[in-house]
């Protein structure tokens, strides 16, 4: 009996020791258990993700998106493709140097996109284009005639916010190129030549139905158009810069005379590329800025 009790006590003691061992092991496990990981925090936006575009970039994108429509409306399809390529190249260079100037050109494109049959929309576009070209012409002429040294010119451009710091001075040639392309032989000559060739027959068939005073103006229009065509036909690849400049000024003077004579007959003006409509106000570079053009002035 005593032996049995001793055996029982030994078993209980062994169970107690096992229980203590297990509890000790559990305590050690709890101490070694790593603390819970902190909840994941919201990561900051990826710096390489989409960024908000600057006003200059926005204007540039909008301008490139609309310029093709602008030239399609202003010129015929073949010339529009060439003008689009030249304009896009020039504007990309300009956008890198002067984003705020791109925004001004965008206003011109937007005005062209709103041109419709009503007089108000046409006036908005013609006024905008006239004042844009007036600003380009005035500043180009002033700089050429100022006699400023290279250093003085650089300082002046810095004062106008036109210095990009690399000293390339590409703004003026770009402005001149755009202006001369708009008033070039490729743009004006084809339509003017076609109207000039059709004018004599039209005058003959309408002489009896038109008031004498108006008929005389149409005759003068025909004569001036012929002189403009002669200026363009006199161009040669070997012409000097002075010759180009003199011819450009002569064409501007003739276009002013043409404007003073009023619009040509609708039957003939219809031969002009869509969007141009022979509105000579768009080419009047010598007149004072109009009230509506102030929003479109570049310089």
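Note that Cβ sites are derived from N, Cα and C of the backbone, with glycine treated the same way.
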Swiss-Prot annotation of region 'Docking to the peroxisome membrane and binding to PEX3' - which of the ranges 2-56, 112-166 it falls on:
2-56
Taking the Cβ of residue 236 (phosphothreonine) as the centre, count every other Cβ atom within 10 Å, in any protein chain shown.
7
Can you tell me whether DSSP puts residue 236 (phosphothreonine) in helix, strand or coil?
coil
